[in-house]
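Notes for the one structure printed next.
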Amino acid sequence: MEGEIIAVNGPVIDIYFPDDVPNVYEALELENPVKNEKLVLETRILLGDHRVRAIALGSTDGISRGLKVKRTFHPISVPVSEEVLGRVVNVFGEPIDGGDKIKGEMTPIIKNAVEFRRVEPSYSILETGIKAIDLLTPFPQGGKIGLFGGAGVGKTVLIMELIHNVAVAHGGISVFAGIGERSREGNELWLEMKESGVLSKAVLVFGQMNEPPGVRMRVPLTALTIAEYFRDYLGKDVLLLMDNIFRYVQAGMEVSSMLGRIPSAVGYQPTLITELGEVEERILSTDTGSITAVQAVYVPADDLTDPAPATIFSHLDSTLVLSRSIAEMGIYPAVDPLASSSQILEPKFVGYEHAEVARKVVEILQHYESLKDIISILGVEELSEEDRVIVNRARKIQLFLSQPLFVAAAYTNIPGVYVPREKTIEGFKAIIEGEVDDLPEDAFYMVGTLEDVKKKAQEHGALMY
């Protein structure tokens, strides 16, 4: 079944089919006569009179009116099998790492979420080894987690650290979707995973900044399809990482504009909620396995009320907000403990001790926040004795939330540390109960456990008891 191109407007192509027209989301193929390569289109609008409008998932250089277009009778499909592990692929599941072609069952990337009766809510905790996360925003296995932050506050570094820790500590499978981010960062991630030996348990799916919007909009679905294969057919618990889900929204905005839709609030596409739902509702735990999704979310102008971050918020189980002011203090990961939250930070899920320590930590930090204006005007000396103790402990908590990361070791010259959840709780419990009040503040900066704090204080000549 062939059609003929009747109009080309950048990545938007109109095609006339004399017989049956393709379905919406059906993939179409044509040969680019200039580049001698295949170009895939995706049907988006049925215009009537045997005409359809499609979006090109590749460069349209050399495409002209009159070229023949073939129907495939199915949506974009990718090969899924265990062969995809350790590989870097594009939106079509084709290798871009110079390796052999991947063999596997061709699976459509556009499909419905699993049946409701197969969904199993999971309340077990995914330990990350990162203190700020494990204490204040524990990740539910099989849940959806968002890393919110503006440009340059450390979202990508934190995602790379999570890949490292989950692969090394849990031996789990990771699927990484690079959506509209820098090619350089993708290359760094690939090299980092190669060097740390975790690449064999991971799949990287890239649709970077230089790709057409149609590609950037479909990369998360390709990554999801691969993750679903490992969950449904191999019974695995999969960590799905998306960097950056906001670029998916941006790509949808570009496609929507090209298709002539009237924009919604702040210029976003009118289908924003539907498009995000198509991705988020497929991230589920089932009776066979789970997909835990960690999504980096760029926050335009650090405004969390922007329609894109606000819509993403509604889908999440844990929200991790990265703060520019905390990053400027040199505390990494720059997690804002007062803005971040987790639905499973309750005694019935994490245990009474964990929930109580986390509550007291937040309480102390909130009290410190309320005292900051007084301190800046009058100084710490004018505070009551009780408030001075609170300030002392709050500063130690702030510094103890920092941690040397494995993926940043090359830049900081400080070896990375994985901190078990029990050690994290033990350390913060000691601070809030006043057991380490006489130790200097700088001993709490960029260390792992309480033992490391005492060792650092001893090295600095502090009194130990």
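Cβ from N, Cα, C; glycine included.
In the three-state DSSP scheme, LYS155 (ATP binding site) is classed as helix. Its Cβ placed at the centre, LYS155 (ATP binding site) has 28 other Cβ atoms within 10 Å. Per Swiss-Prot, ATP binding site is recorded for GLY149, GLY150, ALA151, GLY152, VAL153, GLY154, LYS155, THR156.
Those residues of the chain, other than GLY149, GLY150, ALA151, GLY152, VAL153, GLY154, LYS155, THR156, with a C-beta within 8 angstroms of the mean position of the ATP site C-beta atoms are TYR298, LEU322, ALA327. Under a cutoff of 8 A between CB atoms, and with a sequence separation of 6+ in the same chain, the neighbours of GLY152 (ATP binding site) are ALA327.
The number of other CB atoms found within 10 A of the CB of THR156 (ATP binding site), across every protein chain shown, is 23.
In the three-state DSSP classification, GLY150 (ATP binding site) falls within coil.
Neighbour counts were taken as the number of other C-beta atoms within 10 angstroms of each residue's C-beta; across the binding-site residues ALA151, VAL153, the minimum falls on ALA151. Around GLY154 (ATP binding site), the same-chain residues at least 6 positions away in sequence with a Cβ under 8 Å from its Cβ are LEU322, ALA327, TYR332, PRO333, ALA334. Sequence-distant neighbours of GLY150 (ATP binding site): residues of the same chain at least 6 apart with a C-beta under 8 Å from its C-beta are TYR298, VAL299, PRO300, ALA301, ASP302, ARG324.
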